[in-house]
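Annotated features, as they stand in TrEMBL:
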- 3-123: domain 'MTTase N-terminal' (DOMAIN)
- C12, C48, C86: [4Fe-4S] cluster 1 binding site (BINDING)
- 149-381: domain 'Radical SAM core' (DOMAIN)
- C163, C167, C170: [4Fe-4S] cluster 2 binding site (BINDING)
- 384-450: domain 'TRAM' (DOMAIN)
- 450-481: region 'Disordered' (REGION)
- 455-481: compositional bias 'Polar residues' (COMPBIAS)
Amino acid sequence: MTKKLYIKTYGCQMNVYDSERMADVLAPLGYGLSDSPDDADMVILNTCHIREKAAEKVYSDLGRLKPHQQKKAEDGSRMIIAVAGCVAQAEGDEIMARAPQVDMVFGPQTYHRLPEMVSKAKRAVGEKILDTDFPAEDKFDHLPEERVRKGEVTSFLTIQEGCDKFCTFCVVPYTRGSEFSRPATTVLQEARRLVADGVREITLLGQNVNAYHGEGAEGREWGLARLCRELAEIDGLERIRYTTSHPRDVDDALIAAHGDLPKLMPYLHLPVQSGSDRILEAMNRKHTADDYRRIVDRLRTARPDLALTSDFIVGYPGESDQDFADTLKLVTDIGYAGAFFFKYSERPGTPAASLREQVDDAVKSERLSALQQLLESQQEAFNASVVGKTMPILLEKPGKHENQLVGRSPYLQPVHLDIPENRHASMIGTVIDCKISSLSGHSLFAVPIDDAESGTDSATRHNTARPNPSEPSSGQERISA
Ligand code: SAH
Ligand code: SF4
Ligand code: F3S
């Protein structure tokens, strides 16, 4: 690799997957990933348009890149700057106008065209490239098999993109385009390649992942449950997860899969947004709070230990105190293991942005903090409830501290173990039964069950292990807007 590539990823997991794939496309052109923009030959900002703050961040980051770009020019070379992702799709022309230092702007469905775009940008300094097409061809068919990111235990795998649901607050249908599913055969091929490279857990991704309806064997359509069943047949793949699912697309087959597919983890991110029927209807979610309660009941009947997380929006236009109280009531009824919660943010071009009854920011802040308190206490209770239990932990990587490994519980909680460094290589990527010994803040500590049985399970042993500060405090890292 002779050239340095820096990619900054904003937004959802689908952008994380896309950033990795952009690195794969650029590797044959000589670009190697670097973890800082200093001296980079190419910088890609892979952006998110979901809330105003996320979108504005891009412009301030572009400003921050200017001195790096100038220094590179003074040294007689060039830093190509690209804006990709959902802001690029939504505001391509505006980026070009507001940030003349940007060379390339391209949307989420065009990454396979990167080699062409790069060679054009290189040929003519000053020529701007803007590609916000929704091409007829499937970008996934044109991405290289060879992956840059290797040696990881877990991986994302995008199986579905776009959205046709048009919730009134949301930009995704406009930035990602209409819903489509990758053929099951190509998904399975990619999964097998990942497992051959050492991946043990795959998280299937889609904006509405459970609306998946890809072409399967014999030209028949497969739903998500069928796809999970086929993936479960892959030897060496230990765990399957999927995100983000929509309540309307939870079908009988998927509920059954949660009941009888051991590799499908008992953890589900199922956003509800609001507990008020009036607001759910205004949002065009097309289900009621009770519909959601019933779906959760059925899922929990199939898999009693299922941990649930959700997204919530507070202060949607017209949300009254009673509507918000209905949200708190739903949260209390369900009992979440974690959640993301946001103040409603007006997005240009979406139907909700033009509604007159916008909620005052001070009211939004109050509601956000009340909801946060309730969800935090539920998350703490959930984490505390696993202490003393034995759980299979997938060991992922060394912790920040010497002789420490970090893994994940079936419920996506990070778990810290005291394991001597010389055993790390043989243990990373394995699933071992561990006894959860303590909870400190949001961090869980555990002892392998063999050690626990042989009596080395002592408090002092665990006190030597410190949580890794760069790890999310739990699997369900909280974000507030
Ligand atoms: N497809 C998923 C959500 C994708 S967007 C679903 O249907 O649930 C991720 C989350 O961002 C949403 O669940 C919602 O809670 C939040 N979000 C989307 N648009 C928003 C807006 N305009 N203001 C605040 N939060 C928003
Ligand atoms: Fe956005 Fe709604 Fe589609 Fe989710 S289902 S991506 S919230 S429009
Ligand atoms: Fe953001 Fe686009 Fe994902 S708007 S949340 S990066 S689909």
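Every residue, even glycine, has its Cβ placed from backbone N, Cα and C.
A Cβ within 8 Å of the Cβ centre of C12, C48, C86, the residues given for [4Fe-4S] cluster 1, is found for these other residues of the same chain: Y10, G11, M14, N15, T47, H49, I50, A54, G85, V172, T175. Look at the domain 'TRAM' (384-450): DSSP puts its residues at 11 helix, 35 strand, 21 coil.
C170 are the binding-site residues among C48, C86, C170 whose C-beta comes within less than 6 Å of an atom of ligand 1, given in sequence order. There are 22 other CB atoms within 10 A of the CB of C170 ([4Fe-4S] cluster 2 binding site), with all protein chains counted.
In terms of Cα distance, none of the binding-site residues chosen from C12, C48, C86 sits within 10 Å of C170 ([4Fe-4S] cluster 2 binding site). Only C163, C167, of the binding-site residues C12, C48, C86, C163, C167, place a Cβ under 6 Å from an atom of ligand 2. Sequence-ordered, the extra residues of this chain that approach the [4Fe-4S] cluster 2 site, with Cβ no more than 8 Å from the Cβ center of C163, C167, C170, are K165, F166, F169, V171, V172, P173, Q207. If you draw a 10 Å sphere around the CB of C163 ([4Fe-4S] cluster 2 binding site), it holds 22 other CB atoms from the protein chains shown.
Rounded to a whole value, the Cα-Cα separation of C167 ([4Fe-4S] cluster 2 binding site) and C48 ([4Fe-4S] cluster 1 binding site) is 17 Å.
DSSP gives C86 ([4Fe-4S] cluster 1 binding site) a helix state. In this structure, C86 are the binding-site residues from C86, C163, C167, C170 whose C-beta falls under 6 Å of some atom of ligand 3. Non-local neighbourhood of C86 ([4Fe-4S] cluster 1 binding site): G11, N15, T47, C48, H49, I50, G107, P108, V171, V172, T175, R176, each in the same chain, at least six residues away, with C-beta under 8 Å from its C-beta.
On the 0 to 100 pLDDT scale, the domain 'TRAM' (384-450) averages 95 in this prediction. Cα-Cα distance from C12 ([4Fe-4S] cluster 1 binding site) to C163 ([4Fe-4S] cluster 2 binding site): 14 Å (rounded to the nearest whole number). Counting other Cβ atoms within 10 Å of each Cβ, the binding-site residues C12, C48, C167 show the lowest value at C12.
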